[in-house]
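Okay, so here's the structure we're looking at.
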Amino acid sequence: MTDTRNGEDSGKLLYCSFCGKSQHEVRKLIAGPSVFICDECVDLCNDIIREEVQEAQAESSAHKLPSPKEISGILDQYVIGQERAKKVLSVAVYNHYKRLNQRDKKGDEVELGKSNILLIGPTGSGKTLLAETLARLLNVPFTIADATTLTEAGYVGEDVENIIQKLLQKCDYDVEKAQMGIVYIDEIDKISRKSDNPSITRDVSGEGVQQALLKLIEGTVASVPPQGGRKHPQQEFLQVDTRNILFICGGAFSGLEKVIQNRSTKGGIGFGAEVRSKEEGKKVGESLREVEPDDLVKFGLIPEFVGRLPVLATLDELDEAALMQILTEPKNALTKQYARLFEMESVDLEFRSDALKAVARKALERKTGARGLRSILEGVLLDTMYEIPSQKEVSKVVIDESVIEGTSQPLLIYENSEPQAKAAPDA
C-alpha cells in the first residue's frame, strides 16, 4: 500500500472508498489495490474493533463466575478479618449470579428466588468496602445510596427511584447492564420505625421509606427519566426491571445488641429462676451474631422489609491487631498509599511498629473503626507533606510512636548528612 498526500504524484483527484471524502479534506489517504482509505476511517475502524473486543471480554468474564472460595480469596486482599461475613457474602453473590446465568434456559420449571443481603456491623468495620469490592470483582455496575436522604414519593427529599437512576448513570444509561448491577443502601438502620405504636403523624422518612423500598428490593419495573431529567407527563421513561438487581443493605444498628441480650437473657420468675448478672454481657460483635428477624422488627424495621432481606451477615468490631493489619496488609493499605505519595517526591516513608500501634489505639479511642485511620495519619503527616516538596535534599522520613502522640516531629534523613528531628510545637 502507498501513502498518497495532496495528489502531488498524480493530477487525478482521489477519494476515500469508505466515506467519500477527497484527499484535500483529510490529512492522509492510504492507497490499496484500486481502493483508498483515509486516516479518519482508520481511526473509526480502530474504535469499533476496540469496543467489540471490550464487549467480548466483558461477556466472557460475566459467563466465568468465580466460585465462593475464589470470591472470598479476592475479598481477603482488600478486607481484613470478618471471615464469617465474607463467607456469607461470597455464597449469596455466587448464588445470585448463578441464578441470573440460568434464567434464560428453557425447560427449567424451578424458579429461583432472589436473596438480598443485610450487613450489620459497627461503623468502620468494612460494610461498604465489602460491597464495593464485590462489584469491582464481578465487573457489574455499582452504586451507593444513603437511606437517610430518602423520603416517600411526594415529600421533600430523594425518591427511592433515584437509586435506580444513580445505577443507570454508572453504566451510561445501559438498561441491560443496570439490571445486572449491585445497589448498596447505607445507613438502613436510620429508617427504622420511630415507635412500635402506630401514630397519627405520617413517618415519611422511617416506615414510609421502608414501604417504598419493599417493591424496589423485591422486584418491580421502575420508571426512570432519561439522562437524569425531572419527571413530567409528556416524557419518555426508561423502564428498569429490578428483579435481578442485587440489593445489599448495611447499617450499624446501634442498640440492637441490647434487644438481642434482652431476648437471650430472659429468665423465669420465682425462687427457682436462674440469676444472671448484667456483667456477663457479651461483646457487641458476639451479640450481633445471634440476631434473629424478630430482633430487627423490635428494633424498628417492618416485618415485610426484614423478609425481603433473607441473607444476614454480621461484622465484628475491629480490635487493635486488626486495625494494625488494615494499615499495612491490604492491596491499597493506607501506609502503602502514603509511601507512594512520598515516593513521587523521591522520599522513602517508614512507619515504625510502635507508630502503627499508636495509630490503632487512637482509632479505637475515637470509636470510628478503620474509617478513622486516614484522618489520624493525615493529621500526623500534614506538616511533613507541606514541607517535603520544598526540601529536595530529604531522602527519608521516619514516623515513630512519639510522632503519633504529638510529642515530637517526624525524623527527616537528609542525603549525606545526619538525621534531624524538630521538637513538637507547644500546644
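Even glycines carry a Cβ here, placed using N, Cα and C.
In sequence order, Cys16, Phe18, Cys19, Lys21, Val26, Arg27, Lys28, Leu29, Ile30 are the residues of the chain that are 6 or more apart from Cys38 (Zn(2+) binding site) and have a CB within less than 8 Å of its CB. Positions annotated as Zn(2+) binding site by Swiss-Prot: Cys16, Cys19, Cys38, Cys41.
Here Swiss-Prot flags Pro122, Thr123, Gly124, Ser125, Gly126, Lys127, Thr128, Leu129 as ATP binding site. In this structure, Ser125 (ATP binding site) belongs to neither helix nor strand by DSSP; it is coil. Under 8 Å, Cβ to Cβ, and six or more positions away along its own chain, Ser125 (ATP binding site) finds Gln82, Leu315, Asp316, Glu317, Leu318, Gly369, Ala370.
For 4-57, the entry in Swiss-Prot reads domain 'ClpX-type ZB', with the evidence type sequence analysis.
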Subject >> Spatial neighbours of Thr128 (ATP binding site) that are distant in sequence (at least 6 apart) but have CB under 8 A >> reply: Ile144, Tyr184, Asp186, Gly250
Original post:
If you count the C-beta atoms lying within 10 Å of each candidate's C-beta, which of the binding-site residues Cys16, Cys19, Cys41, Leu129 ends up with the smallest number?
Top reply: Cys19
Original post:
Among the binding-site residues listed here, Pro122, Thr123, Gly124, Lys127, whose Cβ has the fewest other Cβ atoms inside 10 Å?
Top reply: Thr123
Original post:
Just the number: how many Å between the Cα atoms of Gly124 (ATP binding site) and Cys41 (Zn(2+) binding site)?
Top reply: 52
Original post:
Quick one: Cα separation, Thr123 (ATP binding site) versus Cys41 (Zn(2+) binding site), in Å?
Top reply: 54
